[in-house]
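Annotation source TrEMBL lists domain 'Pyrroline-5-carboxylate reductase catalytic N-terminal' at 6-97. The transmembrane segment feature in TrEMBL is assigned to 194-215, 235-260, 281-301, 338-359, 380-398, 410-432. Residues or ranges marked as domain 'Ferric oxidoreductase' in TrEMBL: 270-373.
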Amino acid sequence: MVKERTIGIIGTGDFAQGLARRLVRSGYDVIVGSRRPERREITVVGQCLCSVKITSIEECVQTASVILLAVHVENYKDCIGDYVPLFSGKTVVDVSNRARKSKKTSNAEYLSTLLPESIIVKAFNVISAYAMENDSAGGSKQVYVASNDIVARDKICSIARDMGFVAVDLGVLAASKQIESFPLTLFPNWRGPIAFTVATFNVWLLYIMFIYFVQRSPAAYRWDQLFVKVLNKPLCMTAITVLACTYLPSSVAAIFQMYYGTKHIRFPEWLDRWLKCRKQLGLIAFILVFIHVIFSVVIMSPTYFRSWYQSTTITIPGNLTEDIKIPIKTWMIWKGEAAILVGTIAFLCLCIIAVSTLPSVTNTLNWREWRCVQSKLGHVTLFLCVLHAAIMGIPGWIKYNPAKLFQSITFLSSLLPYITLLLKIILSFPCFNRYVKKIRRGWEASYSRCRAECSTKHSSPGYIVMQKNGHVVKDLMGDEREAMIGERLSGCQCDNASIV
């Protein structure tokens with residue numbers, strides 16, 4: 001007899017035992033099916049599994065309506081091949097993972113071909129066996145669920161929530177390929193930003209080494225100052241460059257939308273990837289600024305920051321020799337105090353932006369508050385960083401002639417932030433700001449300018465319904481002749497199309 005609170009698990013490995021423990025603690029009755037139940041014993045591992053019965057696969061499938069298949073994909077046929085009729089109408093949850101990403105069929109889709117009369121669900125594969133048993137284990141607590149049966153998805157989501165996890169419904173079983181790729185990825189969204197940061201840092205470091213150690217004779221710094229004093233310069237230059245690259249793509253995206261005259265055309269791939277990694281760029285900039293602050297505090301003295309302090313000379317009169325003059329740096333001048341004040345405010349603003357990216361804080365903010373912190377406060381922070389660099393560099397810029405101005409690292413590192421702020425100011429003008437807002441609310445300049453794939457341009461009301469890759473798309477249709485419409489539809493790269 002099938003019981004609603006009874007869940008069957010096929011497999012006796014570590015992950016199957018972790019699932020069993022979690023389900024028992026959550027109030028479910030668990031029965032474990034094995035090809036050789038007489039050789040399997042799991043109560044020795046933990047007393048919490050004393051109530052778990054190990055039985056044959058046949059009895060396990062007959063007893064439970066929900067079956068968790070916790071075996072490797074290469075063992076599917078050996079385990080369930082002889083019991084396919086028993087799985088008819090059962091909800092079978094595939095919890096397996098792959099050794100490498102697949103471009104063809106996922107494990108869950110392959111299982112659906114072996115059990116055509118069953119309801120296949122993909123879930124629990126992103127949770128490790130250790131996390132199943134230990135609530136203090138690291139890693140995400142989200143359980144991604146996919147199935148073609150919406151009732152089965154809801155049932156597994158409910159079980160996952162009872163187990164203390166956060167269920168995320170990803171839709172149909174085709175999403176199982178994406179779910180199985182999650183455990184195989186290693187910081188996919190961080191690779192590009194980190195590579196860009198490392199490359200930028202190396203460029204600035206090589207430039208500084210050339211300016212201060214090669215071009216100048218004698219060298220501006222000693223080689224033993226390379227670890228903190230010299231390294232602090234490319235660090236802050238990289239930080240302001242990365243911070244500028246965090247806010248620049250939003251302005252570039254607005255320019256593309258004004259050019260397209262619609263929001264329904266995808267951005268170029270490079271811009272789309274740039275927009276998606278803004279969070280990572282911002283966090284990297286925060287880390288670099290944090291290190292820059294630590295280095296600056298450590299070396300904060302008149303010896304390292306001579307231009308920040310007043311210079312006083314003590315003269316000892318000489319009777320038999322010349323006077324002895326001892327220069328002493330005393331009070332900090334306006335340049336040092338202003339740079340510290342602006343830098344401190346910029347760092348505090350950056351801390352607020354970084355904290356707002358935490359999921360626990362993000363969930364407390366509405367969309368308007370989020371945009372205020374991430375966009376408006378972010379551009380203010382970038383302006384303060386530029387002002388901080390300008391305060392430190394302007395006295396030196398005045399001494400340079402235009403040809404040598406580009407040798408100033410403060411001026412050179414501020415060029416990209418200047419461009420970012422200038423674009424933001426220009427796009428904030430009412431004539432541009434209102435136009436972009438209209439486009440983002442759905443207004444389109446002209447359908448004749450649309451560059452979207454599979455689009456048919458017309459002038460009068462009506463729709464052409466097109467289906468591409470299983471998705472239904474509607475497009476405006478005009479009053480052209482039926483022959484012309486048929487010709488256009490025949491050239492459209494869609495699965496099917498019809499006139500409404």
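Cβ atoms here come from the backbone N, Cα and C positions, even for glycine.
From a predicted model like this one, the values you see are computed outputs, not experimental measurements.
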PLDDT averaged over the residues of the domain 'Pyrroline-5-carboxylate reductase catalytic N-terminal' (6-97):
85
At a threshold of under 8 Å on Cβ distances, which of 194-215, 235-260, 380-398 pairs most often with the transmembrane segment (410-432)?
235-260
Please indicate, using numbers and ranges, the residues of the same chain that are 6 or more beyond the transmembrane segment (235-260) and have a C-beta under 8 Å from a C-beta there.
193, 196-197, 200-201, 204, 208, 267-268, 271, 274-275, 278, 281-282, 284-285, 288-289, 291-292, 295, 350, 375, 378-379, 381-382, 385-386, 389, 409, 412-414, 416-417, 419-420, 423-424, 427, 432, 435-436, 439-440, 449-451
Which numbers of helix, strand and coil residues does DSSP report for the domain 'Pyrroline-5-carboxylate reductase catalytic N-terminal' (6-97)?
40 helix, 25 strand, 27 coil
